[in-house]
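Peer 1: Okay, here's the structure, questions in a sec.
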Amino acid sequence: MRYADPSANRDLLGNRTLLFIFICAFALVTLLQQILYSKSYIKRYFEFYKEPLEFNSTRCLELRQEILEVKVLSMVKQSELFERWKSLQICKWAMDASEASLFKSTLSRCCNAPNFLFTTQKNTPVETNLRYEVESSGLYHIDQEIFKMFPKEMPYYRSQFKKCAVVGNGGILKNSGCGKEINSADFVFRCNLPPISGIYTTDVGEKTDVVTVNPSIIIDRFHKLEKWRRPFFSVLQRYENASVLLPAFYNVRNTLVSFRVKYMLDDFQSRQPVYFFHPQYLSSVSRYWLSLGVRARRISTGLILVTAALELCEEVHLFGFWAFPMNPSGFFITHHYYDNVKPKPGFHAMPSEIFTFLRMHSRGILRVHTGTCNCC
């Protein structure tokens with residue numbers, strides 16, 4: 001007859017007790033962490049209901065530093081970045097004249113938008129062999145006919161405009177009510193023929209001074225303007241007398257279709273000017289942002305326009321620039337304010353670009369709008 005060993009039962013009971021104590025301790029620590037986090041979150045949440053704080057106040061300097069201490073996007077979780085950005089919204093943004101001036105001086109040395117944003121008769125004389133931005137495309141010879149398409153000189157000069165709005169097409173603009181604030185800017189840049197009339201005007205405004213056109217739009221939607229041209233002309237008319245800007249010298253594929261836009265508007269006796277990005281400017285801008293950590297096969301049109309605006313305008317405001325599937329509050333949004341068509345993967349580095357803008361906002365160089373607007 002076998003007898004159970006009482007000490008074995010005691011050991012088993014002791015092990016279970018230790019396990020129970022460990023589980024309870026772990027649960028208690030987790031609960032305390034949640035309570036402490038909740039207090040911090042609640043504190044930050046209620047800060048949004050106070051009067052806006054001055055951008056250079058002690059609290060705002062702390063919040064700005066929380067953004068600036070993140071050197072690269074991979075350092076923090078997306079949710080943590082959003083939380084830091086939301087907290088900063090209690091601060092009334094103000095331009096830091098010293099930071100902005102320093103940044104603009106570096107752009108002047110590297111890129112020089114007032115002289116090289118567009119091809120002009122001054123910077124691209126007749127008989128020039130103009131190198132494409134994509135160097136493998138070779139050179140384009142500027143003959144007398146093409147030379148006549150160029151303006152005599154750049155139509156804009158350094159810090160010509162007091163306040164500029166660069167309007168991206170992000171879904172963050174939907175239900176923002178930012179239309180009036182965008183319209184109140186002295187100069188407005190837009191990207192790639194976005195819809196601005198009807199249901200969109202309240203959120204995105206309608207004032208447009210420069211609108212870019214990606215030649216792929218003309219190729220895919222308007223059959224290279226080889227046949228019917230009026231549908232494309234009608235689209236451009238929505239922007240009234242806005243200048244039309246194209247990357248004719250990015251590569252060979254873009255050149256002829258970009259020239260056709262100029263020919264078409266001349267045929268219709270339109271007052272809309274047509275300009276072409278200078279490939280030297282595009283190359284310089286790409287190298288500049290690469291040196292600051294924006295690595296992409298090609299930087300976005302939005303980033304190019306922001307770069308130009310920083311030289312041409314005293315104060316730059318960004319609307320519709322957001323590259324995440326959720327807004328800062330964690331709600332899912334569409335990719336564009338007018339559709340949910342995603343870009344080709346791996347072509348642009350949009351999250352990196354937006355992260356760079358958030359850091360520039362925190363430094364007082366430009367302002368990024370990601371919430372609702374209460375203007376005018």
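Cβ coordinates are placed from backbone N, Cα and C, and glycine is handled just like the others.
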Peer 1: Based on what Swiss-Prot records, which one of CYS110, CYS111, CYS164, CYS178 is disulphide-bonded to CYS313?
Peer 2: CYS164
Peer 1: If I go by Swiss-Prot, which of ASN192, ASN241 binds substrate at the same site as ASN214, PRO215, SER216, SER300, THR301, GLY302?
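Peer 2: Among the candidates, Swiss-Prot records only ASN192 at this substrate site.
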Peer 1: For CYS373, what is the disulfide-bonded cysteine listed in Swiss-Prot, choosing from CYS110, CYS111, CYS178?
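Peer 2: Recorded disulfide partner of CYS373 in Swiss-Prot: CYS178.
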Peer 1: Out of ASN15, ASN56, which one does Swiss-Prot list as N-linked glycosylation site?
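Peer 2: My reading of Swiss-Prot gives ASN56.
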Peer 1: Report, in whole Å, the straight Cα-to-Cα distance of GLY302 (substrate binding site) from CYS313 (disulfide bond).
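Peer 2: Distance (Cα to Cα, whole Å): 16 Å.
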Peer 1: Consider the recorded positions CYS178, ASN214, ASN241, SER300, CYS373 and say which one has the Cα lying nearest the Cα of ASN56 (N-linked glycosylation site).
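Peer 2: So, spelling it out, the nearest of the recorded positions is CYS373.
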Peer 1: Does CYS164 (disulfide bond) have same-chain partners at least 6 apart in sequence with Cβ under 8 Å from its own Cβ, and which are they?
Peer 2: ALA185, ASP186, PHE187, VAL188, PHE189, ALA309, LEU312, CYS313, GLU315, VAL316, HIS317
Peer 1: How big is the gap, in Å, between the Cα of ASN192 (substrate binding site) and that of ASN241 (N-linked glycosylation site), rounded to a whole number?
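Peer 2: Per the Cα atoms, ASN192 (substrate binding site) and ASN241 (N-linked glycosylation site) stand 16 Å apart.
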Peer 1: Need the DSSP three-state call for CYS178 (disulfide bond) to compare against my parser.
Peer 2: coil
Peer 1: Look up CYS373 (disulfide bond) in the DSSP assignment and report helix, strand or coil.
Peer 2: coil
